[in-house]
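> Can you read through this structure? Questions will come right after.
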Amino acid sequence: MRDARVVWLATPRQRERGGQRNERERERERERETGKERKNGVLDAGRGAPAASQASRAPPRQTGPPSGAAAGPAGRFAANRRPVSPGKTTICSAASGPSAAASAAATKKASAAWANALWDQQQREEAILEALVARRSSIAGCRDRREKAQLRAFSLGQELQEAATGHPERMASLSEAVAIASEGLEVVLAMASGDAAKGHGLTQRLGVEASRLAELQQQLAELQARELAEGTGRRGLVRRSQELQAVAEAAQSAQDERAGLLAQNGLLARRLNNEILGLKGNFRVFCRLRPQRPRSDEESKETLKVDMQEDRQGLTVFAAPQRNVTGMSEHTSSWDFEFDHVFRPNAPQAIVFEEIALLVQSALDGYRVAIFAYGQTGSGKTHTMGGSGLDAKEDEHAGMIPRSVDLIFREVEQLQQTGWSFEVHASMAEVYNEAVLDLLASRQHSQNSASSTSDSSSTEASFAMSSERERSEAKFVSGDPQLGFRRVPVKDASAVHALLRRAHRERHVAATTANERSSRSHVVFQLSLIGRCEVPGQQREVSGLLSFVDLAGSERLHSTGASGERLKEAQHINRSLGALGDVIEAIGRKSSCRGSASALAVHVPYRNSRLTMLLRDSLGGDSKTLFFVNVSPLLEHLGETLSSLRFASKVHACCASAQRHVLVADGDTAHAPGAR
């Protein structure tokens, strides 16, 4: 197969040379065959002649080359030669007599001649054989060279074939590259020609503009000469200035009118919001069920069965089933409660805040708003107010206070665009064992101020400011000497969050049987808002107050098993919560007698507790109040749950109309009711 491929790939010249070599080899083979035939004929003739006369001839004496000569290449032929039997020759010689001797001599002579001829023939054959061996070795070398040449021709043929196969592809790629380069060159040439044309056009345009400039300069010179001659240029400028001033005044009046309309729209929207809140009631109560804490011992405890109405304004609490005396039947006690809204255990903080957002905004309109969190220890009051952590104000678990602060400052930014300006002051205090402590100061100074009862000036002096800036900017709430605490001006929501984190670290907490971190005091956080409207015809000043009250746990003493300091704290907490209930009940009776002489006879006992004295401005007929009653989901807390729900029902029974505090309206000082 390799020879066939080589012949197929060889050129005509190579095939011609190969045919000539084959022809010479065939001639050499024919010559070798002819030499073999001649050699065989000579050998046969040498063997036949002695055989014909061996009966009458005696074996000749050996003449010729020595016996050692047969050791060469011709020795093989001498060894194959048929020997002459001497016995037969002797017998013939003895039988013939005298004539036989002559015949034997002749035979001996002929045998010697034949032997010499045979030896010569053998020498020639050996020479021919040696030449044949050399020729064969030469032929073998030629064959090796021919095979190498064929292999080289085969590899060259493959290379030629590969080159012939890949050459069109390379030529095609080169042709494509050349075509692309030609197109790019044409594009560049076209762009260059276009740029040249543009440059030429610009040059022409520049010449035209230069000529126009010269004309305008000439016209300007003529106008200046004419203005100097007639004096009309100055009068034209004055007239144009007057026209522009009139246009500016018209634009300013239109802008003021639009600002007034925008302010009126904002006032109308806020008035509608306040009317909606008034229709809902100024004393509102929300009930929130706390979910079970994951990964705690509550998972193994029995839960409280609660059914909520479809309108989410009522719930039914069921006690554990109890068997009668005979044990034949079971009886389950249940209690129904009605509130303004009931939140399910899985309600997120954002949904809860949506229900109080309008109430928080009404503080910017000059209303006094108070939001309370009430319930037993561990029912979720602090979580509702502050969230999982005051540090993460943007977290989904942020409570009502961080979300309200962010909402207030967003509304302030929007109102500033309509001509309003606001001053915001923050304060935070706690009522611990009937003492008011300022949480924005250190605990040591707060306790010292709470124990001082001399006068207002000594109370203010007892508070230590953490910095010179706070000392110069803080304001103290005066009135009762023991209720003095400072209000710090704040510029943005981040400043308020920093104060909340600072106050959170100062609050009194302790471990009880109900909670490992139980709040042992009532915390009051307030934002004082003073707004001024500078829009012409709408000038006024309003003062609002937003209060958040995180009450301490409302559990009864016999259920806590407290003693010592914890017992004293629990007694003060229950006494203040009882005073708060008395104040709310008196407010309810007074609001029911509104408009009659008996309303003046109703006394509201604010001074029965430091808590109610502190919240006097946030409770009553001129404020809006919201109560969160937080309920535990455990059946073992059924007694405390019913106590909290009954207290919330008493608050829900109170109803009063709220008033807006307008300090200045159209240049006059007033304290008038109604919406803006």
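Residue numbering: from 1, along the chain as shown.
Cβ coordinates come from backbone N, Cα and C, glycine included.
In TrEMBL, annotation is done automatically, which means it is predicted and not curated.
Keep in mind that what you see is a predicted model, and the values were worked out from it rather than measured.
As listed in TrEMBL for this protein:
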BINDING   Gly375, Gln376, Thr377, Gly378, Ser379, Gly380, Lys381, Thr382  ATP binding site
COILED    206-264  coiled coil
COMPBIAS  13-41  compositional bias 'Basic and acidic residues'
COMPBIAS  45-83  compositional bias 'Low complexity'
COMPBIAS  447-466  compositional bias 'Low complexity'
DOMAIN    282-654  domain 'Kinesin motor'
REGION    1-95  region 'Disordered'
REGION    447-476  region 'Disordered'
> Rank the binding-site residues Gly375, Gly378, Gly380 by the number of other Cβ atoms within 10 Å of each Cβ and report the first-ranked residue.
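Counting Cβ neighbours within 10 Å, the top one is Gly375.
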> Give, as a single whole number between 0 and 100, the mean pLDDT over the coiled coil (206-264).
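Summarising the coiled coil (206-264) by its mean pLDDT gives 80.
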> Quick one: give me the count of other CB atoms within 10 A of the CB of Ser379 (ATP binding site).
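Other Cβ atoms found within 10 Å: 30.
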> Let me check the 10 A CB neighbour count of Gln376 (ATP binding site). How many other CB atoms are there?
25
